[in-house]
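Input: a single structure, listed below in structure tokens.
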Amino acid sequence: MAATKKLVMIGNGMAGVRVIEHILKLAPGAYDITIFGSEPHPNYNRIMLSSVLAGGTELSDIVINDWDWYRDNGITLYAGHTVTSIDTASRKVISHLGIEAEYDTLLIATGSSAFMLPLPGADKEGVIGFRDIKDCQIMQETSKKYNKAVVIGGGLLGLEAARGLLNLGMDVTVVHSNAHLMNRQLDATASKMLKEELEGQGMKFLLQKHSERIHGKKRVKSLSFTDGTEIETDLIVMAVGIKPNVQVAKAAGLNVNRGIIVNDFMETSHPDIYAVGECTEHRGIAYGLVAPLYEQGAVLAKRLAGAETEGYTGSITSTKLKVSGVDVFSAGQYDEPPGTRSMKYQDEVDGVYKKIVLRDDKLVGAVLFGDIGDGASLLSLIRKGESVKGREKELLLGFAVGGAASGKEDHLAELADDEIICGCNGVSKGTIADAILNKGCNSVGAIKACTKASASCGGCKPEVEGLLKIYAGDAVAQVKEGICGCTTLNRDEIVAEIKRMGLKTIKEVMNVLEWSNPEGCSKCRPSLNYYLGMLWPTEYKDEKESRFTNERYHANIQKDGTFSVVPRIYGGVTSPSELKKIAEVAEKFEVPLVKFTGGQRLDLLGVKKEDLPKMWEELDMPSGHAYGKMLRTVKTCVGNTFCRFGTQDAIGMGIRLEKEFERLNAPAKVKLAVSGCPRNCAEATIKDFGIVAIDGGWELHIGGNGGIHLRGTDLLTVVKTDDEVVEWGGAFLQLYREQATWNERTSVWVERVGVDYIKKVLDNAEERKALYGRIRTAIDQIRDPWQEIIENKELRKNFETLEPAAAVQS
Ligand SMILES: Cc1cc2nc3c(=O)[nH]c(=O)nc-3n(C[C@H](O)[C@H](O)[C@H](O)COP(=O)(O)OP(=O)(O)OC[C@H]3O[C@@H](n4cnc5c(N)ncnc54)[C@H](O)[C@@H]3O)c2cc1C
Ligand SMILES: NC(=O)c1ccc[n+]([C@@H]2O[C@H](COP(=O)([O-])OP(=O)(O)OC[C@H]3O[C@@H](n4cnc5c(N)ncnc54)[C@H](O)[C@@H]3O)[C@@H](O)[C@H]2O)c1
Ligand code: SF4
Ligand code: FES
């Protein structure tokens, strides 16, 4: 090795120190390294500031390299020193405290600063950006003394800041200039769904608002807008983008545009001066995410270590929103410019939206909401740029409906070893495979400790788990799959622990059972809400914000953002006076469409959100629960009331069952039907619980499904009396409630546990009666939600915004 050269780095941040880590491995001892960093801290994971603010993560947890690391590697660190000038003639840098350091090679890694809107009053106390530990601490301190916060900017940073401030107990309003949140990453649909979810968490939004002036004496008191309105606040966090730190480079005469201009080898316009990270501009792009910066860093480290490299040619980026408890992913082209085609999948019940964007048969973009498990696979296809002709539906739908779960693993298996799996930490598939195959890592935790994969935002955990399955094979049998990426516990373990420890709130479950994401996500929050309600029916207070849009508004959201109203019509039997009332209400509220549903109910479609409570009041009928995971309808035929074939009173039985079990919360939606004879006109054998009359009694059928996965029922038993129908029905539904996984339809559950098992449990009269008793207790706690909202002014307020809600379709 040649004589030791002096390498000086300006900036002690994520990108720069990553280069140093590589150099120490590739060419140990080649450089005498000196680092200047403005912040008085060792190198830390800036990404994790969002988690620190949101709670559950300590500052000490986010240090990447501690003080000892610098000492052990012989690195001189000037922490708290800002370099103010570069003397290119005498090849030295000078810090604001007058420290000078000579270099043979200079590396500029100064990152970015938060872009602060130059508003009059922006210099007041309480106006900050969100970029470093200091900002995080200011927010934490402010929340102890003040109540109101405004975040300007509804991008990734703004929303993560807002979530953190909410967790700190502040009343938070996000002010956004665009009509859509995360407009640089999401299309309008995903953005509206995101807004709905965040509103449910208590976040407030002012969209299409342009800030004009910050008011207050010394400290901020309010923010006014160009439309003349104003909002009171004690804190303003600006999150409207970033500005590369280029001043020192510019003053030294380097070519600078938005960032410091670099070529494919991260060389600046001056010999022996390199730049890396957010401060650079490569092929016209200044990146603001770590994955591309780490890619740049890997190339630069090779260059500086004298190793072969083909150079850095640019990155296709992807983003995931963290800490918000909402799964959002975006990669490449997220909108649909001319020349592209797109395919979309929407599931309003589970709050899932998926879109892929294609150009010339190649995948060029993807937006995922609610289920982002396919993110890495789709990103890899975008990066490869190969034709996906004929596979488009599989990419969207196969993954979307879980049909290609194994396809996902196949795809991971096909990825090249150098594909990055963990963007935050720049960990490739090859590195993870090596950890599993050669270093004995057989759990996500072990891989995290060994490679750092999944150590930051946690978004890559599904892929790490997938690789674990591929490479560890049987050895991974002991590695458990959690209900979502926030926990390794499965449904049964969670329910058992909740019972054993008497856990009573979602927060408590997440804390005690050590959720990796303290806020949970859109999968675990609603499922915990269900399990807690099921286990503690008399004590648990339903957490409305953990429910999906439809269940929060007690109406079905339509694709144009309006809602549909389906009043309860027991057994599908109505009367002229009830029909007149419905018609009058429909006319009064100018309902554009009145339609019968497949379950024999009347659907009033196209209702504005703000009209919902007034309409319910005038209808004076209970909710038909045509939304959400609960008992929907009991379909009936006319039975022996009019039909000459009828052997039993199907209508009477249908009405009785609907009155017994209405308002019932379940793991998934539940549909019933009653037919008056084996001709089965009510199609009872494709329902969750189907009743078919026979001579002298009733056949009880279970586990049917007439939807996407068609399944005929299994015969459970035959009973003689109406009371028996009700008791067996209640016991069956309660067993399903107690044992199924949240979101599992009876058709899947019955197949999983087997009809023989269900028969065995329910044949036991004592057990059956106990189950029936428990379902009654559960139902008796629940009031009609429409009536509850009509009577409660606070709840009614949720319906008062005039903005349309997120437009989604089933
Ligand atoms: C709250 C938050 C959350 C984020 N979340 C994500 C995420 O989830 N995913 C993602 O990919 N990205 C995320 N980012 C962005 C990511 O943190 C940055 O892309 C990354 O930190 C940039 O690395 P860098 O080394 O270029 O700059 P930095 O990490 O900013 O480091 C630059 C360092 O240089 C110092 N410096 C500047 N000028 C001088 C000078 N003249 N003298 C000495 N020192 C100087 C700065 O003080 C700073 O410490 C997030 C950013 C924030 C703020
Ligand atoms: N999860 C993540 O990946 C993550 C999290 C935090 C930050 N980051 C990165 O940190 C950087 C900063 O994030 P960011 O969200 O500030 O940047 P951004 O550019 O992604 O978003 C800024 C948002 O502010 C809005 N905006 C601009 N001017 C405004 C104004 N005057 N009033 C109201 N809104 C205005 C824009 O429409 C934009 O949506 C980005 O590079 C981002 O990628 C990433
Ligand atoms: S199922 Fe039997 S009773 Fe009911 S309408 Fe059909 S034929 Fe009549
Ligand atoms: S992608 Fe964020 S931790 Fe891996």
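Think of each number as a place in line: the chain as shown, counted from 1.
Placement of Cβ uses the backbone N, Cα and C atoms for every residue, glycine included.
Listed in TrEMBL for this protein:
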type	residues	note
BINDING	CYS637, CYS643, CYS677, CYS681	[4Fe-4S] cluster binding site
BINDING	CYS681	siroheme binding site
DOMAIN	6-282	domain 'FAD/NAD(P)-binding'
DOMAIN	318-385	domain 'NADH-rubredoxin oxidoreductase C-terminal'
DOMAIN	420-469	domain 'BFD-like [2Fe-2S]-binding'
DOMAIN	483-532	domain 'BFD-like [2Fe-2S]-binding'
DOMAIN	557-620	domain 'Nitrite/Sulfite reductase ferredoxin-like'
DOMAIN	628-766	domain 'Nitrite/sulphite reductase 4Fe-4S'
Same chain, 6+ residues apart, C-beta under 8 Å of the C-beta of CYS681 ([4Fe-4S] cluster binding site), given in sequence order: CYS637, SER675
Entries of CYS643, CYS677, CYS681 (binding-site residues) sitting next to ligand 4, with Cβ under 6 Å as the cut-off: none
Fewest Cβ neighbours within 10 Å, where candidates are the binding-site residues CYS637, CYS677: CYS677
In the chain carrying CYS643 ([4Fe-4S] cluster binding site), residues 6 or more apart in sequence that have Cβ under 8 angstroms from it: CYS637, GLY676, CYS677
CYS637 ([4Fe-4S] cluster binding site) - helix vs strand vs coil (DSSP): coil
Summary of DSSP states over the domain 'Nitrite/Sulfite reductase ferredoxin-like' (557-620), given as helix, strand and coil counts: 27 helix, 15 strand, 22 coil
Residue distribution over DSSP helix, strand and coil in the domain 'NADH-rubredoxin oxidoreductase C-terminal' (318-385): 10 helix, 31 strand, 27 coil
Listed in sequence order, residues not in CYS637, CYS643, CYS677, CYS681 with Cβ within 8 Å of the centre of the [4Fe-4S] cluster site Cβ atoms: VAL638, GLY639, PHE645, GLY646, ALA650, SER675, GLY676, ARG679, ASN680, ALA682
